[in-house]
Amino acid sequence: MAHDATPQPATARRSPPLSGTARVPGDKSISHRSFMFGGLASGETRITGLLEGEDVMRTGQAMKAMGAHIEKHGDEWVIRGTGNGALLQPEGPLDFGNAGTGSRLTMGLVGTYDMETTFIGDASLSSRPMGRVLEPLRQMGVQVVEAAPGDRMPITLRGPKHAAPITYRVPMASAQVKSAVLLAGLNTPGITTVIEPVMTRDHTEKMLKGFGANLTVETDERGVRHIFIEGQGKLTGQVIAVPGDPSSAGFPLVAALIVPGSDITIENVLMNPTRTGLLLTLQEMGGQIDILNPRNAGGEDVADLRVRYSELKGVTVPAERAPSMIDEYPVLAVAAAFAEGETVMQGLEELRVKESDRLAAVANGLKLNGVDCTEGEASLSVRGVPGGKGLGGEPKGEAVKTHLDHRIAMSFLVMGLASEKPVTVDDRAMIATSFPEFMGLMTRLGARID
Ligand code: S3P
């Protein structure tokens, strides 16, 4: 779906206590990888709980364009993959829409193939830096035949006859860059090594091992991870149950913490420790979040979360925690707007290159709605107003600019549920990229959003 059509604004209003039980859609990171690895592996992969958001569907279409068979049978996605090393040259450009993860991981996956592949995306994706992925690919012998200035999309890659295995130290905390190099290593003779000084989400490592890749991880005495992958091995189709996305769970979770009297349960949420920074931070702020029925499902920890309205207090969130909650800062900033005292968030440089410049988008949205905050180069300080008195815009006030960013839209709609005056966002359309059920799910819990 194109999002350059007429924007669809949405408004959230102060709501009665939220209550009930909800299930958020499948984890976006795992869903992208399920389509990719299933499309690549030999034999059949069956997936339940897949996030059917636009971003993930783009990855599915790309895998189909390169030879994978992907079909939905009832609740299950059934894939017949090409076999490792056997993807086909797509007939046209691969259009990734808004999806950074889909496009960057796929550049790694197919960049080393002896064929030409073109990547395009929407205005947001076309403004995001791709050099972080192209740089290691160039070292492996991949030619960047065409790219917009600053290594941006549209990008055309042409792989070498035989890619060269490299040792690559990831220069920023990025699971996408780590994953792109590991996936490039799948089609490269010998051992490709990724050195990861700061641990980021480890779904690629865990899932590739599950599909049969010869991948090992060693962590040295300084906590630096060395990931080794042997190329050109066989991958075999798997059965995958995708757990609920903790990043999506963050929206109803913060909503319940800030709307007085709320008591909700969110079921089946992924609890992988590389993804739980928001939970930890909200608990430190005094959030009543009970972790119920912790269990392991398909190699991942999951649990149900009972969340009750809480009087939150400001905290300092250390920079080291950023990788485990990188997508959650917008909604954390909203929680901080209702906390007593100041919340200081540090180590936010990567927020500047997300679907939007999220640091600026959050600070501007907060200010527009009466929140006292300071935007630093890589930090954000928010001084909260418990009870939300005076927060929000006038009914005819200016809307929050979402800049084609789903998480900015959802975060500010959550804000409007507890602020004194309504909060309006300029466009809800992008929410469909990661959480198509957002409006319905929130409304069922009692949220007033339209
Ligand atoms: C993701 C990695 C993160 C995250 C994104 C999903 C992934 O991006 O923000 O939403 O699935 O690997 P970076 O690698 O750019 O931090």
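Placed from the backbone N, Cα and C atoms, the Cβ positions cover glycine too.
Automated prediction, rather than curation, is the source of TrEMBL annotations.
Features as listed in TrEMBL:
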REGION    1-30  region 'Disordered'
DOMAIN    16-439  domain 'Enolpyruvate transferase'
BINDING   LYS28, SER29, ARG33, SER174, GLN176, ASP327, LYS354  3-phosphoshikimate binding site
BINDING   LYS28, GLY100, ARG128, GLN176, ARG358, ARG407  phosphoenolpyruvate binding site
ACT_SITE  ASP327  active site, proton acceptor
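Of the residues the record lists as binding 3-phosphoshikimate, namely LYS28, SER29, ARG33, SER174, GLN176, ASP327, LYS354, the two whose Cα atoms sit farthest apart are 19 Å from each other. Here the region 'Disordered' (1-30) has long-range neighbours at 49-56, 97-98, 101, 122-123, 175, 201, 203, 207, 240, 242-249, 252, 255-256, 259-270, 300, 309, 388, 392, 399, 404, 409, 412-420, 422-430, 432, 434-437, 439, 441, 444-450, meaning same-chain residues at least 6 beyond its ends whose C-beta is under 8 angstroms from one of its own. Looking at ARG128 (phosphoenolpyruvate binding site) and SER174 (3-phosphoshikimate binding site), their Cα atoms lie 14 Å from each other. Under the DSSP three-state reduction, SER174 (3-phosphoshikimate binding site) is assigned to coil, being neither helix nor strand. Highlighted here would be the binding-site residues (ARG33, ARG128, ARG358, ARG407) whose C-beta falls below 6 Å from ligand 1, but none qualifies. The candidate set comprises the binding-site residues ARG128, ARG358. Of these, ARG358 has the most other Cβ atoms within 10 Å. In this structure, the CA atom of GLY100 (phosphoenolpyruvate binding site) is 12 Å away from the CA atom of SER174 (3-phosphoshikimate binding site). Broken down with DSSP, the region 'Disordered' (1-30) shows 3 helix, 10 strand, 17 coil. Neighbour count (other Cβ atoms within 10 Å of the Cβ, all protein chains): 24 for ASP327 (3-phosphoshikimate binding site). ARG358 (phosphoenolpyruvate binding site) is 16 Å away from SER174 (3-phosphoshikimate binding site) when you measure Cα to Cα.
Local packing around the Cβ, expressed as the count of other Cβ atoms within 10 angstroms, is greatest for ARG407 among the binding-site residues LYS28, ARG33, LYS354, ARG407. Neighbour density for SER174 (3-phosphoshikimate binding site): within 10 A of its CB lie 21 other CB atoms from the protein chains shown.
For the binding-site residues SER29, ARG33, ASP327, a Cα-Cα cutoff of 10 angstroms around ARG407 (phosphoenolpyruvate binding site) retains ASP327. Here the CA atom of ARG358 (phosphoenolpyruvate binding site) lies 18 Å from the CA atom of GLN176 (3-phosphoshikimate binding site).
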